[in-house]
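First the structure, in the form of structure tokens, and then the observations on it.
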Amino acid sequence: MSLNSSTSHPPYFLLVGIPGLEKEQFWIAFPFCLMYLIALLGNITLLLVIRAEPTLHEPMYLFLAMLALTDLVLSTSMLPKMLSIFWLGSGRIGFRSCLSQMFFIHTFSSVESGVLMAMALDRYVAVCHPLRHSSLLALPVVVALGSLVLLRGVLMISPGCFILRGLSFCQHHVIPHSYCEHMAVVKLVCGDTRVNYIYGLFVAFTLLGSDIILISVSYAMILKVVVRLSSTEARLKAFNTCASHLCVSLAFYIPALFSFLTHRFGHSIPPHVHIMVANLYLLVPPMLNPIVYGVRTKKLWDSVV
């Protein structure tokens with residue numbers, strides 16, 4: 001153990017992968033790798049198409065570009081190391097590398113949530129105030145929203161990593177997880193971890209809770225306007241505009257909430273189920289987002305083909 005004043009840090013942690021499925025991990029890695037490759041190809045394609053096509057330089061597609069970039073960082077932060085665990089049995093990760101991975105995963109998870117919230121706001125303005133859409137969500141406003149979402153994630157996640165860096169860890173340094181998830185690392189701390197638990201809950205409810213509420217209110221307002229439309233064609237167009245975003249939001253928030261609640265309250269849930277969902281929550285949305293938007297968004301699809 002290396003001593004830093006009054007705190008002691010292990011030189012490295014050992015990531016187990018998926019507890020209970022160590023023998024099956026080699027084969028589980030193949031579909032995970034395929035999902036990652038699809039996510040890379042799809043999101044890079046989205047970014048290149050949106051950049052190259054001037055007609056796509058609108059709020060909806062600029063937010064989609066932010067989402068694609070976030071997905072690339074999020075999936076790349078965890079999957080290469082996960083594959084080295086599953087295929088090479090290389091679960092060792094340095095203490096600082098573990099904290100860095102934790103920072104990127106949790107920061108860009110919060111950024112993804114913030115971008116989804118911003119996209120819901122964009123859909124609300126487009127459906128409920130279409131004549132004011134271009135003025136309310138001009139390019140500087142879109143850039144400012146994206147910057148605020150990133151800044152919010154960095155400012156909210158950084159304290160949790162600094163708190164962990166100042167704590168002492170026990171001799172036991174095996175993490176029963178596939179990546180350095182905050183609560184999985186906190187459980188290795190020697191001493192009182194109430195501050196970590198309380199701050200983790202505060203961040204989750206502040207970020208995810210507020211974003212989910214704002215997204216729900218936005219779509220409730222949209223639904224209220226849509227059902228009043230006299231034209232069936234107009235109603236279908238409005239529903240189609242929002243359906244993609246709803247699918248993407250559900251694919252992100254359902255497993256995210258499951259993983260968050262399981263760490264704190266779901267002690268009866270088998271560890272391998274929890275870890276599998278935690279892995280899929282960082283892989284499925286990055287893979288699904290470009291597919292959903294590419295298929296359901298005609299303007300984007302036309303630009304690709």
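Each Cβ is built from the backbone N, Cα and C atoms, and glycine gets one as well.
Taken from TrEMBL, the feature domain 'G-protein coupled receptors family 1 profile' applies to 42-293. The predicted model assigns the domain 'G-protein coupled receptors family 1 profile' (42-293) a mean pLDDT of 86.
Annotation comment: TrEMBL describes 26-49 (among others) as transmembrane segment.
Among the features that TrEMBL reports, transmembrane segment is placed at 61-83 (among others).
Here the transmembrane segment (103-124) has Cβ contacts under 8 Å with residues 59-60, 63-64, 66-67, 70-71, 73-74, 77-78, 137, 145-146, 148-150, 152-154, 156-158, 160-161, 179-182, 203, 207-208, 210-211, 214-215, 218-219, 221-222, 241-242, 245, 248-249, 252-253, 256, 282, 285 of the same chain, all six or more residues outside its ends. Residues annotated as transmembrane segment in TrEMBL: 103-124 (among others).
Within its own chain, the transmembrane segment (136-157) is flanked in space by residues 57, 59, 62-63, 66, 103, 106-108, 110-111, 114-115, 117-118, 121-122, 125, 129, 203, 206-207, which lie at least six positions past its ends and keep a Cβ under 8 Å from the stretch. Taken from TrEMBL, the feature transmembrane segment applies to 136-157 (among others).
Annotation comment: TrEMBL describes 197-226 (among others) as transmembrane segment.
Under the heading transmembrane segment, TrEMBL lists 238-261 (among others).
Look at TrEMBL and you will find 273-295 (among others) tagged as transmembrane segment.
Counting only same-chain residues 6+ beyond the ends of the transmembrane segment (61-83), those with a CB under 8 A from a CB of the stretch are 15, 17, 29, 32-33, 36, 39-40, 42-44, 46-47, 50-51, 93, 101, 104-105, 108-109, 111-112, 115-116, 118-119, 122, 139, 142, 146, 149, 178-179, 248, 279, 282-283, 285-286, 289-290, 293, 300.
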